[in-house]
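A.B. asks: The structure under discussion is supplied below as structure tokens; questions concerning it will follow.
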Amino acid sequence: MNTELLGIVATFLLTLAIAIPLGKYLAKVFAGEKVWTDFLKPFESGIYRLSGINPKEEMNWKQHLKALLTINLVWLVYGFFVLIYQDKLPWNPDGNPGMSPDLSFNSIISFVVNCNLQHYSGETGVSYLSQHYVMMFLQFVSCATGIAAAVVLFKAFRDKTTTKLGNFWDFFVKSITRLLLPLSLVMALILTFNGTPSSYEGKDQFISLQGDTVNVSRGPAAAFIAIKHLGTNGGGWFGANSAHPLENPNYFTAMVELIAQVIIPIAMVIAFGFFIRRKKLAWTIFGVMTIGMLLLLIPTLSSELGGNPAIAKMGISQATGAMEGKEVRFGPAISAYWSTVTTIISTGSVNSMHDSSMPLTGAWQLLGMMINSFYGGCGVGILNYFIYLIIAVFISGLMVGRTPEFLGHKVEAREIKIAAIITLLSPFLILTGTAIATYTFNNYGDANWAVQPQNWLNNPGSHGFSEMLYEVTSSNANNGSGFEGLGDNNTFWNVLTGIILLLGRFLPIIGPIAIAGLLGAKKFIPESAGTLKTDTKTFALMTFAVIIVLNALSYFPALTLGPLAEYFTALSR
Amino acid sequence: MKKYIIQSIRLTLVLIVLLCVLYPLSIALAGKLSAGKGGGEKITKNGKVVGYALLGQSFTKPEYFWGRPSAVGYNAAGSAGSNKGPSNEDYLKGVSNRIDTLLKYNPTIKRSDIPADMVTASGSGLDPNISEQGAIIQIKRIAAIRKIDERKIAELVIKNTQGPFLGMFGPSSVNVLKLNIALDEIK
């Protein structure tokens, strides 16, 4: 057991050892300072020339958003049709069928918004063409979109007063050429040499040792799995995601995949501080996020290592922890760490099945996704946190009776309104979404959908409710993991989560950028004795309190009906 | 607006070439140098492929070491876990049946000897491993059926137990397929 805990500590320390220098590097890249990867400049100029882009053209915040939304719309249309017609397009060695329009609607949105909620299974639902030209493509560009959006926000606070926030295409392309592609190359090679398939061969067949005929799904997965983690996407090549032995062959690759999914979210926080020349602010933000992570991780570890009391009652030793839905080569400890990491940042890849986690673990997983900013997804993590910061600035301002300011800019009614709307959006989407689903389950059980509502749930009682709550929460957080027992490939879930995915992605990007753009354009007020300092421990505590209070008020009732009820009724009896 | 649309389409096309053609192709080429030439490492016995090193397969005959329960019957073309919640009554009944089966085939062991991994389904349904304890409880049964000295099989289990990564990180595990192939080789 000790080697398992040591594995977590090593993984986290290695993550920091990579993420912190990476953050400093990113700050320089986006500030246009000299870095060692500048040899790629001619290559980038080539990309700009072919695309008809002038990377020096300055944009204001509205132009940034227009560019961002336009290219995302192009991807939506492109991918939607590829997925529907994948059976008629080339490169489908396993002969998988085209997607139904509602499944394609859901899948394409899910990948455009960096969520990777999958209502299909990799082995049977998509062709190799779709896997690479739609899914993997979007794993790169959706992450780069998030990073570019965050850099726009950084830009707004770098100079005293400015409306010129750099060029969106420039940030976007550099996120790929200077960060995602090089790291993906390294990681894909590591995976390939540890056993993940990388060749284009289709299904294989063999006769097993005791004589059964076995079909094996394969394919060029290594390249895909690298960006799946680096870009906090999380969509699996195979149905079982990173629990699949070909997708995650051994303990070493588990460590690599865990490190890969956390480095960019942490690096973005560090980059923020270095970019706006307020390193202390970055460290306080990092501190709050890390404490939040630990507060979710420790109870998760304790409930998973404790095992399932219902099985213990049958006389089976739970010394190795809860093993349902987990793999022996990983064990429960790193699986618990994985489940925390993948829910606080928006990866949503899994190396164990969350539906089979202990009830309290489920509560922590849900809470991680509800908060969605302890590190958070690529780029969007810091954007989400920014909203909490603005709310904290506002409340502190009220408490001490001063006009709230953030980094030398007055925060006024307009900004607060935007922040409030974004803050209320998550509980609105999660709670109404779950309510609609529950209502449909109870009242329209025999509706004629691919999966009838009465057959949606894989588990009875409060755990079944958790399956629905988890699906909606995961969609809103753009996370993509699931309580996978839920029968989610039908019109209802495809459309409901599709809409939540879109709103849960783009409004929380538009909001912070609008606030940052508005603030950046305001007159800069130099710091004085009366300024509310945002990089102190007191303010960090304030932000933490805001995060906890807002989320507790919003979600405690829902969590009570789901995982908490299961814990107190079924398992402690 | 029109400018952005055209730029978006052109940039998308350029990036598709870079990210969807060149990048995976370079990985596939490098993968040719890996153990399974990029198609997954296979295990052969007497020149015939009997499985993939990383993929668990179904063992139901009592003369072989059994792997973990699988929600998909070790279907390597449709991986999945059971997704059963920990308090689900039906699920717990299933676990109880698995315990009874193990006790029936291995009459010398006690309930408390059975490790959790032998009565719970894995996440992928393709778990290639069991815990060392999961192998140990099966030694007596196999020794009796195959009429081989118990100690010989116990040695085999130890030899096929993979320790923590670098000796420090993570759990130990036993690859069931490799263990069973080694078992077949005992004369």
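Heads up, the Cβ atoms here are built off N, Cα and C, so glycines get one too.
Keep in mind that TrEMBL annotations are predicted by a computer and have not been checked by a curator.
Annotations per TrEMBL:
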- A:6-27: transmembrane segment (TRANSMEM)
- A:65-85: transmembrane segment (TRANSMEM)
- A:133-154: transmembrane segment (TRANSMEM)
- A:175-193: transmembrane segment (TRANSMEM)
- A:251-274: transmembrane segment (TRANSMEM)
- A:281-301: transmembrane segment (TRANSMEM)
- A:374-398: transmembrane segment (TRANSMEM)
- A:418-441: transmembrane segment (TRANSMEM)
- A:492-519: transmembrane segment (TRANSMEM)
- A:539-558: transmembrane segment (TRANSMEM)
A.B. asks: Can you tell me which recorded stretch out of A:6-27, A:65-85, A:251-274, A:281-301, A:492-519 has the most Cβ pairs within less than 8 Å of the transmembrane segment (A:418-441)?
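C.D. replies: Maximum Cβ contact count belongs to A:492-519.
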A.B. asks: Residues sitting near the transmembrane segment (A:65-85): Cβ under 8 Å, six or more positions beyond its termini, same chain?
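C.D. replies: Those are 59, 98-101, 103-105, 107-109, 111-112, 126, 129-130, 133-134, 137-138, 141, 145, 148-149, 168-169, 172, 506, 509-510, 513-514, in sequence order.
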A.B. asks: State the non-local partners of the transmembrane segment (A:175-193) in its own chain: residues 6+ outside its ends, Cβ under 8 Å from one of its Cβ atoms.
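C.D. replies: Residues 26, 29, 35, 37, 40, 43-44, 47, 140-141, 143-144, 147-148, 222-223, 225-227, 229-231, 249, 253, 256, 260, 264.
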A.B. asks: When only pairs 6 or more apart in sequence are counted, do the transmembrane segment (A:374-398) and the transmembrane segment (A:539-558) reach 3 or more Cβ pairs under 8 Å?
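C.D. replies: Yes, since the transmembrane segment (A:374-398) and the transmembrane segment (A:539-558) share at least 3 Cβ pairs closer than 8 Å, they count as touching.
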A.B. asks: Would you confirm whether the transmembrane segment (A:539-558) and the transmembrane segment (A:281-301) meet the contact rule of 3 or more C-beta pairs below 8 angstroms, pairs 6 or more apart in sequence?
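C.D. replies: Answer yes, regions in contact.
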A.B. asks: By Cβ distance under 8 Å, which residues at least 6 away from the ends of the transmembrane segment (A:6-27) in the same chain are close to it?
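C.D. replies: Same-chain contacts beyond the ends: 35, 179, 251, 255, 258-259, 262-264, 266-275, 282, 301, 333-334, 337.
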A.B. asks: Given a Cβ distance threshold of under 8 angstroms, which distant residues of the chain, six or more beyond its ends, lie next to the transmembrane segment (A:281-301)?
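C.D. replies: Hits for the transmembrane segment (A:281-301): 8, 23, 266, 269-274, 333, 336-337, 339-341, 343-344, 360-361, 364-365, 367-368, 371, 373-375, 382, 385, 389, 407, 534-537, 539-540, 543-544, 547.
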